[in-house]
């Protein structure tokens, strides 16, 4: 089907053409930009309308209402046909020979564009912004929602146009435009490895500070005489971890340290005790009376005067009665 009629709305150029990829003609440079090749008749009509340069066009797939924008490279195509980059046909979901609507437009100069590479290897380039700036010299405009192709080092990088300001379609000819990059589509955040529960056990155990165990102190008891007499000198009791406990007042207002000293005083006389036994309350010993030293000496003398053991000292009896 051949379309040779023009539709005019004041100074607007609008025409329907069949589209074909740039591989149909010997123009490989078309693939690295956004410019199309139109027939000579389109140039004649555009010149008569006094269209402003650079010429920018709106491409519309009327079947699904997909819209993009482009520039023009040459007017050498056959009548009723246009040649366009294959990536642009993919954006508009067009096949070879499909009908596309072409209309001239005026786009504002862009101030901001946000790009999202399809693969993260584009950001691995030493200076991706410089490569992008060089590639965009072949572009006349950008449209939100399109995916452009940037060739570099014998490789094609596809980049989505996520956002454009001040409009959905902007001109990037002779303008300063701020460029921002979004996270690549194939980027995955590294998984955070959580430590197993078993590994957390030793860490918590290290935090617990063990209380120092009391060391063994030999011969910590108080001395006693076998004869029950008081010692002329009592050595100071050895210090132990229990002695270092804070002094706590009991119900009668007396401190625990005072009560412990009373118990030690009670153990000064009485039975023989090996080691300290503060928990056991010994019987109170009566203090020695005056002259006790003389009585003990007399008892010792009486013991010395007792006769020694003598065998066969009992009475004898007769069996006859």
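Counting starts with 1 at the first residue shown.
Positions of Cβ are set from backbone N, Cα and C atoms, glycine also.
Per TrEMBL, the feature domain 'Ubiquitin fusion degradation protein UFD1 N-terminal subdomain 1' maps to 13-108.
What TrEMBL lists as domain 'Ubiquitin fusion degradation protein UFD1 N-terminal subdomain 2' is 109-184.
Per TrEMBL, the feature region 'Disordered' maps to 191-321.
The feature compositional bias 'Low complexity' is assigned by TrEMBL to 193-202.
Annotation source TrEMBL lists compositional bias 'Basic and acidic residues' at 292-308.
Secondary structure of the domain 'Ubiquitin fusion degradation protein UFD1 N-terminal subdomain 1' (13-108) per DSSP, as helix, strand and coil residue counts: 23 helix, 38 strand, 35 coil.
Under DSSP, residues within the domain 'Ubiquitin fusion degradation protein UFD1 N-terminal subdomain 2' (109-184) fall into helix, strand and coil as 14 helix, 34 strand, 28 coil.
Mean pLDDT for the domain 'Ubiquitin fusion degradation protein UFD1 N-terminal subdomain 1' (13-108) in this predicted model: 91.
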